[in-house]
Amino acid sequence: MRQRQDSRYDLAPAPEPLDRQVGHRIDRRVARLLSRYGALQGADLLRPLLRHAFRGRAALTSSFGAEAAVLLHMVAEIEPATPVLFLDTGKLFDETLAYRDALVARLGLTDVRTLTPAAYEVAALDPEGDLHRTAPDQCCFVRKVAPLDRGHAGFEAWITGRKAYQSADRAGLKPIEAAEGRIKINPLLGWRPADMDAYMDRHALPPHPLLAEGYLSIGCAPCTDRICAGEDPRAGRWRGRGKTECGIHRPRDASGAVAAGGEGT
């Protein structure tokens, strides 16, 4: 004869893991922000987020590359003390470093933080400085992904310069999204190249000096090439390597490593 189970002793469901609880909370917040601000873009989107929703808790990541001046100018006009995270991989063009210095002075940005790869990781994994030739994904992880992950600690929101026209992956993004335990803000998502050019002209912003030499997407010097007429602007990145992005926007797997798929910068 089966005994009747006493419901007083039923085990309660196991609580959700903390990271999943945090993820659900972020998802709910993103939904609220999208319902309120999702139709905005550019400075109209940044203004309420920087001054109210994420005041003091958002950072802009900038490569100081071909199109960086637009978003940097917007942030400088709204909240010039917004932290700007700049990845100095140790492989950048001298022109990029000079452009960074010129833009910072021109725009009056007051909190530009230079992130560099950990010396012990470079010594262990890239002692000869040629990892970009033999294992470009690993090189990007050491010199870009890992330093940026460390730099983002303490920030709730990450402002990016991603635009839908740049790739098929980016075409499906939203202006505000949840990713890797924080919120990403994409204020230029709906902008076209003509919008970028018009903004640069209207505010008399200086172009990156390498644009005139045929570099339309600018990253590390060893992995950036000029493009030919009719090529995609990113065709010069990692040319011939079957690689089109660095991985900073890719999801992480359970170990924290960059997962396959997704898109980057």
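Glycine residues also receive a Cβ, built from the backbone N, Cα and C atoms like all the rest.
Per TrEMBL, these features apply:
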- C246: active site, nucleophile (ACT_SITE)
- C139, C140, C220, C223: [4Fe-4S] cluster binding site (BINDING)
- 59-225: domain 'Phosphoadenosine phosphosulphate reductase' (DOMAIN)
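Projection of TrEMBL feature records onto the structure.
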{"residue": "C139", "record": "[4Fe-4S] cluster binding site", "Cβ contacts under 8 Å, 6 or more apart": "D126, L131, H132"}
{"residue": "C140", "record": "[4Fe-4S] cluster binding site", "Cβ contacts under 8 Å, 6 or more apart": "C246, G247"}
{"residue": "C220", "record": "[4Fe-4S] cluster binding site", "Cβ contacts under 8 Å, 6 or more apart": "T89, K91, L92, H132, R143"}
{"residue": "C223", "record": "[4Fe-4S] cluster binding site", "Cβ contacts under 8 Å, 6 or more apart": "K91, H132, P136, R237, W238, R241"}
Using the centroid of the Cβ atoms of C139, C140, C220, C223 as reference, list every other same-chain residue with Cβ within 8 Å of it (recorded [4Fe-4S] cluster site), in sequence order. T89, K91, H132, P136, R143, K144, G219, P222, W238, C246
Going by DSSP, is C220 ([4Fe-4S] cluster binding site) part of a helix, a strand, or coil? strand
At a 10 Å cut-off from the C-beta of the residue listed as 'active site, nucleophile', count the other C-beta atoms across all protein chains. 27
Through the lens of DSSP with three states only, how would you label the residue listed as 'active site, nucleophile'? coil
